Amino acid sequence: MDNVIQPIKIESFFEFQKFQQFFHLLHFKFYRNDAGRIVNRSELVFFTGFSLDIWFFGVNLFDIFWSMRRGVPSSQNLPVLSISVYYAIRGILLYTKRHEIIDFINVMDREFPRDLPTQQHLQVAEIFEQHKKRKGYVGLFAYVALGGFSIAPIIFYILAYEDRNAPILLDQQLLGGWLPYNIRQIHLLYPFVWIYDVYAMLVGVTYFTTFDTLFIAFQTLLRMHLNGLRRQIEQLNADDSENPVDEQRFFAYISSLIRRHQEINVLCDKFNDLFKLAIFLSDLVGATSICFHLYLMSEASDKLMIAKFLGPTMALVAFTFECCLRGSQLEEASAGLNEALYNHSWYHGSKKYRKVMLIWIKYSQCTRKLTAYGLVEVNMMHFTDVS
């Protein structure tokens, strides 16, 4: 963008959603120390969230086993519980990988262009605008979805209210589940239980939005570097290899591009290593939950119950689609280097140039992909298999 005057900082790509900042649910607060290294000064949020998770899942697992033992229905909201597990997995993995995440951010920071001309060459401003626009859409969706999800039980409660002795149904509760002393059935405590549910919901959702921000930012930056290298390859002129005056400088430039390609591939491998466990577990839980919800929908006759199961199912499908789409984009950007090398007129160059390019073309055929321990290639083909 021509109207950009100041270079964009890499921290701008890692800004979290506004509602996380408002509720002080930032798992990462990035700042630079005296040495210029990016560090995190927010770990208390992790411990607070995990404490609530241990309580939430502990009491609900107790309810499930106790109900099975007594042979009575449990008070669980199964769609909400499955989404909660999905969110909790990402939160736990964010915590266990928090040091590796900081290290990788600093690696990406060293690769990030500081000066305006280099940023213009890599189209940083355009990429950041697209990144910021997507973040806005995710934030808008979160506000609408969370707002509607939080208010709906209150509306059902008000419309169905009879007296203080009437039971509080599962549809009138935000998360459902079990609480001691039958608190969920005490009408006077309904507002406090609702606030508890809202906070528990926000803890889980912010796990997801934190993971989403980091994952998308890393993937966007890697694609930026891959596409920038592709444009440099497309600008190569094979005839320059025949010029004896500039031959040494030309091949030094080719060598720098090859080294750059290797460096970016190393970054892609680090990115995959960082998120492969989260992708594997999330994919496993997501696919299992989708199948389970579809079964519940097929067995349900009440339209309200079908809608209740449909919401989490579509959310899990959307989460899987987003992850597979980002994997496909990274794979296409990596494969684009091979395409650019193959399509340019390398065969018009000198014998030495042709040898170098053939070796480079062979190397570029090993495209970088987002995988889960090599068991699953996370791309749109995988999404069609899951859905």
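Positions of Cβ are set from backbone N, Cα and C atoms, glycine also.
Annotations in TrEMBL come from automatic prediction, not curation.
The following features are taken from TrEMBL:
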- 44-66: transmembrane segment (TRANSMEM)
- 78-96: transmembrane segment (TRANSMEM)
- 140-160: transmembrane segment (TRANSMEM)
- 198-222: transmembrane segment (TRANSMEM)
- 277-298: transmembrane segment (TRANSMEM)
For this session: Give residue numbers and ranges for long-range contacts of the transmembrane segment (140-160): same chain, 6 or more residues beyond its ends, CB-CB under 8 A.
Result: 17, 19, 168-169, 171-174, 190, 194, 198, 201-202, 205, 209
Exercise. Is the number of Cβ-Cβ pairs under 8 Å between the transmembrane segment (44-66) and the transmembrane segment (198-222) three or more, considering only pairs separated by 6 or more positions?
Worked result: yes
